[in-house]
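J.: Pasting a structure below so you can have a look.
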Amino acid sequence: MTKFIFVTGGVVSSLGKGITAASLAAVLEARGLKVTMTKMDPYINVDPGTMSPFQHGEVFVTEDGAETDLDLGYYERFLRHSKMSKTNNFTSGRIYQTVLNKERRGDYLGGTVQVIPHITDEIKHRIHASGEGHDIAIIEIGGTVGDIESLPFMEAVRQMQVELGRNRAMLMHLTLVPYISSAGETKTKPTQHSVKELRSIGLQPDVLICRSEHAIGEENRRKIALFTNVEERAVITCEDADTIYQIPRTLYEQDLDDIICERFGIDAPEADLSDWDKVVDGLLNAQGKVTVAIVGKYVELPDAYKSINEALLHAGITHKTQVEIDYVDAEALETDDSLLARLEQADSILVPGGFGERGKLGKMRAIKFARENKMPYLGICLGMQLAVIEYATNVLGLEADSTEFNRKAAEPIIGLITEWLDEKGELQVRTDDSDLGGTMRLGSQKAELVEGSKLHQIYGAKLITERHRHRYEMNNRYIEPLEQAGMSISGYSAKQHLVESVEIADHPWFIGVQFHPEFTSSPREGHPLFASFVKAAIDHQNI
């Protein structure tokens, strides 16, 4: 039966609960255990699909088309044998929506609907469902202990600990141990108060992960153990690392996996972390460096492009090359000529996905720069669409645009997808008046690559599967004039012949893809498209 590890955070947010939980999952998986992970988010939004990237960071898309928290990207990158799905991320909004729908249907037989038991029961039901078929399920609770929004989740965890017992449930609490530089001291009091807050709602941590900029020391570990009622060996120190991919070994060297296996009565072989050692070695001992200019409109918050950042990092590991990212504000690039110098200094240019017209002309300016200067270019989703618009405008001389920006465009080369088959093969229909949330072409879709194309060579296969998140697509009636002018279509959707990718034949490396390859990149395997893109940047640097 599935064992559950609940992960909470205290003192401050952004301590790295997701990374720590994923690192633990990687160590347990390395011991031969079947591990899955779930993120519970206390906010009222049904999902993060319509949330601003400035507030929430990127939206990570799963194989089955769920728009989820970016932490699920960490989960997939750290786990080799477990893919996330719709069951692995849910919010307060989703829980309340489900409970209210049941109330409207009469499922509660006229009873008074309350937080306890109805909301907490729905939370517990989803936790159990997410862990089915696995040895261990790690459940991360978003936010910080003490947040009013997270109380129903904490109560559900408390109930599950009672119902499952010590041999099937345990609590891991992440906390900050700050270093006061003026006093030259590490302070344990915030951790003590954080655990006190947990205990006030009936939760006692079994493991403490103490985050700090500096070494905490054995004396402070003993002090924390004494005042929090946690076994001293279960007080795990986690100092700032050079790379997040060092964290699995950090946890392993402090026997966290042994503590968990002993608690759950699991007999499993020792973990082999040699793969992670190779990843860390590739990152920290790079033999060269390239710069990739990412031209977007959310550049003030790198988390908005988290999976792309990581995919470039993974490609760097493949080539033992440090990939430095220069974030260029697309909106500023529209009028600021001085930013062109940053494009000139880069070794390649990437325009990521996005929505809305803001920054459009700056992105197209960067695309034109890459095209005319034979600089490696990768366009993802909107980055592909704008590459098509730029080419049609400046090479074909058309008044081309997307109906996303101009519904009365003279040459609507990009338009709304009105019908497509989803990942289950079911017909989906959309109009301009459809809701924004949950109405896109989402999840894994098959694409057929044109034989002999650069993309076909990169993937080494004719049929590929990649994840999508878009509601606009290239208009097929422009395929012929584009191809006659030198921009070829290198991939189509397997069933409906939607354009999936474009490339320019007389350019060293110019590719646009409608899908999101960054969602399937991992530190141990990388991704062929990003690996080829970084190799093209290395080649361009050496010209």
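The backbone N, Cα and C atoms fix where each Cβ goes, and this holds for glycine too.
As annotated in Swiss-Prot:
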| type | residues | note |
| --- | --- | --- |
| ACT_SITE | HIS516 | active site |
| ACT_SITE | GLU518 | active site |
| BINDING | SER13, ASP147, ILE148, GLU149, LYS187, THR188, LYS189, PRO190, THR191, GLN192, LYS223 | CTP binding site |
| DOMAIN | 291-543 | domain 'Glutamine amidotransferase type-1' |
| REGION | 1-266 | region 'Amidoligase domain' |
J.: Under a three-state reduction of DSSP output, how is LYS223 (CTP binding site) classified: helix, strand, or coil?
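T.: For LYS223 (CTP binding site) - judged by DSSP and reduced to three states - the answer is helix.
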J.: Who sits close to THR191 (CTP binding site): which same-chain residues at least 6 apart have their Cβ under 8 Å from its Cβ?
T.: GLY10, VAL11, THR175, LEU176, VAL177, LEU208, CYS210, ILE224, THR228
J.: Find the average pLDDT over the region 'Amidoligase domain' (1-266) in the predicted model and report it.
T.: 95
J.: Name, in the order they occur in the sequence, the residues of the same chain whose CB lies under 8 A from the CB of SER13 (CTP binding site) and which sit 6 or more residues away.
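T.: Those within reach of SER13 (CTP binding site), by Cβ under 8 Å and sequence separation of 6 or more, are GLY143, THR144.
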J.: Do me a favour and check the Cα-Cα span between LYS187 (CTP binding site) and GLU518 (active site); whole Å is fine.
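T.: Cα-Cα, rounded: 40 Å.
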J.: Which whole number of Å gives the largest C-alpha distance between any two of SER13, ASP147, ILE148, GLU149, LYS187, THR188, LYS189, PRO190, THR191, GLN192, LYS223, the residues noted as binding CTP?
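T.: Largest pairwise Cα separation, rounded: 31 Å.
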J.: Can you tell me how many other Cβ atoms are located within 10 Å of the Cβ belonging to LYS187 (CTP binding site)?
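T.: I get 15 for this one.
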J.: Report, in whole Å, the straight Cα-to-Cα distance of GLU518 (active site) from LYS189 (CTP binding site).
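T.: Cα of LYS189 (CTP binding site) to Cα of GLU518 (active site) measures 41 Å after rounding.
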